[in-house]
Amino acid sequence: MKSSVSFVCQQCGYISSSWLGKCSECGAWNSLVETLVSKKSSSYQRLGSTLTNDQSSPISFDQIEQEELVRMSTGLGEFDRSLGGGIVPGSVVLLGGDPGIGKSTILLQVALKLSERNLTTIIVAGEESPGQIKIRVERVGKHTDNIRVLPQTDIDLVIDTLSHTKPNLVIIDSIQTMFTSDLDGSSGSVGQVRECAWRLVRYAKSSKVPVFLVGHVTKEGTIAGPRVLEHLVDTVLYMEGERYHTFRLVRSIKNRFGKSDEIGIFEMTGEGMKEVANPSLQFLNPDGPQVGSVVVSTMEGSRPILAEIQALTATTIFGMPKRSANGIDLNRLQMLSAVLSRRAGIQLGNQDIYVNVAGGLKISEPAVDLGVCLAIASNTLDKSLTEQTVVIGEVGLQGEVRDVPGLEKRMSEAKKIGFKNFITSSQVKSVREAIKFLK
């Protein structure tokens with residue numbers, strides 16, 4: 001029997017029996033999404049409510065039996081860090097990233113690491129043929145019988161197969177290629193993506209088998225599909241990296257079983273992803289301090305990382321000076337430029353300013369404000385900081401230097417690498433004072 005569908009507004013929840021370009025309730029455009037209302041197929045009924053009558057009644061906290069959270073290591077320390085310590089049984093992890101950045105490769109390496117412990121993995125291939133996957137396996141490791149490939153995109157057939165084979169890990173590559181015949185939309189549509197993800201979540205919870213979903217990203221950099229997809233899963237990871245840099249960052253955006261905003265750092269090689277044990281050394285210039293270059297400390301999750309801020313100023317040839325930022329927020333750069341001009345006496349009204357974070361790292365926290373200011377001032381004044389100096393501090397609109405969280409942890413990491421001098425809010429109270437350290 002064919003399922004009935006309705007169209008639900010993703011903004012206000014208004015339900016319509018037919019698709020509308022504009023929601024009649026809230027006025028949002030193109031927000032109505034095809035949604036499954038009822039389901040008659042046996043596969044859905046088998047995956048139906050996992051709650052028994054006893055579980056459907058409210059219970060007190062004293063009645064809840066706390067299960068011990070036993071994580072399964074992926075064999076990749078940096079990937080375990082992103083996950084909060086390893087894979088939780090029954091969890092669903094969404095891994096997003098640009099095409100070709102290495103999502104499938106790193107998950108294949110996880111499968112190979114698990115196979116060394118006689119743990120089986122099923123890769124549900126919706127995009128690549130089994131032959132293509134075999135070529136990648138031979139490139140990053142050796143093939144094994146503990147990794148199986150399932151070239152199938154019908155989600156009901158996939159779940160039936162998984163229920164019979166009982167693997168230790170499931171990789172869906174990708175969720176946008178999965179479909180169910182109970183919806184009319186093509187694979188990749190909003191309704192299909194949400195429904196397929198929901199069925200996989202129910203499978204994972206009932207079988208205690210962890211599932212990795214590979215997700216495409218849109219041109220805006222968000223995972224394609226409905227926003228509710230990120231709410232359905234337990235963990236959301238983004239793989240970041242510049243096209244012309246070898247470093248890849250796996251960043252945790254959401255994690256129900258650990259800290260969010262943790263990152264794992266890898267280097268893309270011909271043999272796959274290689275873990276970067278000490279990332280700070282990878283992002284620094286071995287030649288020492290130079291004009292327009294400043295070393296800063298940024299926190300990525302609970303990990304302090306040293307990075308190099310580079311700045312270049314040049315007299316503009318146009319009426320309005322240009323501000324360009326790579327690796328930091330452009331609005332932040334414009335604000336800091338105004339602070340330097342107004343509070344520190346560095347005239348930048350006729351100067352183009354270019355700021356870059358070396359190594360392709362993206363920094364969003366304000367603790368690097370003082371480093372950006374000193375890099376710009378260094379290039380403008382043609383002076384540099386002394387060797388082995390790290391700059392840490394937030395800059396306010398009055399030009400004051402403010403404290404940042406985790407200062408001791410940042411300084412401890414810098415000392416391990418050999419840095420001895422620090423410019424923080426303890427040494428200077430304003431940007432004008434900090435500029436005096438330039439020699």
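Just so you know, glycine gets a Cβ as well, placed from its N, Cα and C.
Note that the structure is a prediction, hence the values are computed from the model and not measured.
Noted in TrEMBL for the protein shown:
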DOMAIN    68-217  domain 'RecA family profile 1'
BINDING   GLY97, ASP98, PRO99, GLY100, ILE101, GLY102, LYS103, SER104  ATP binding site
MOTIF     254-258  motif 'RadA KNRFG motif'
REGION    352-439  region 'Lon-protease-like'
Where SER104 (ATP binding site) falls in three-state DSSP terms:
helix
Do you know the DSSP helix, strand and coil residue counts for the domain 'RecA family profile 1' (68-217)?
63 helix, 30 strand, 57 coil
Taking helix as H, G and I and strand as E and B in DSSP, count the residues of the region 'Lon-protease-like' (352-439) in helix, strand and coil.
35 helix, 18 strand, 35 coil
Cβ under 8 Å to the motif 'RadA KNRFG motif' (254-258), counting only same-chain residues 6 or more beyond its ends: which ones?
69, 71, 83-85, 88, 91, 230, 233-236
Most crowded position, judged by CB atoms within 10 A, among GLY97, PRO99, GLY100, GLY102 as binding-site residues:
GLY97
Long-range same-chain neighbours of ASP98 (ATP binding site), Cβ under 8 Å, sequence gap at least 6?
VAL217, MET239
Per DSSP, how many helix, strand and coil residues does the motif 'RadA KNRFG motif' (254-258) have?
0 helix, 2 strand, 3 coil
For SER104 (ATP binding site), nearby residues of its own chain (Cβ under 8 Å, 6 or more apart in sequence):
GLU128, ARG136, ASP173, VAL214
If you count, for each of the binding-site residues ILE101, LYS103, the other Cβ atoms lying within 10 Å of its Cβ, which residue has the minimum?
ILE101
Near-site residues: ATP, ref GLY97, ASP98, PRO99, GLY100, ILE101, GLY102, LYS103, SER104, CB cutoff 8 A to centroid:
THR105, MET239
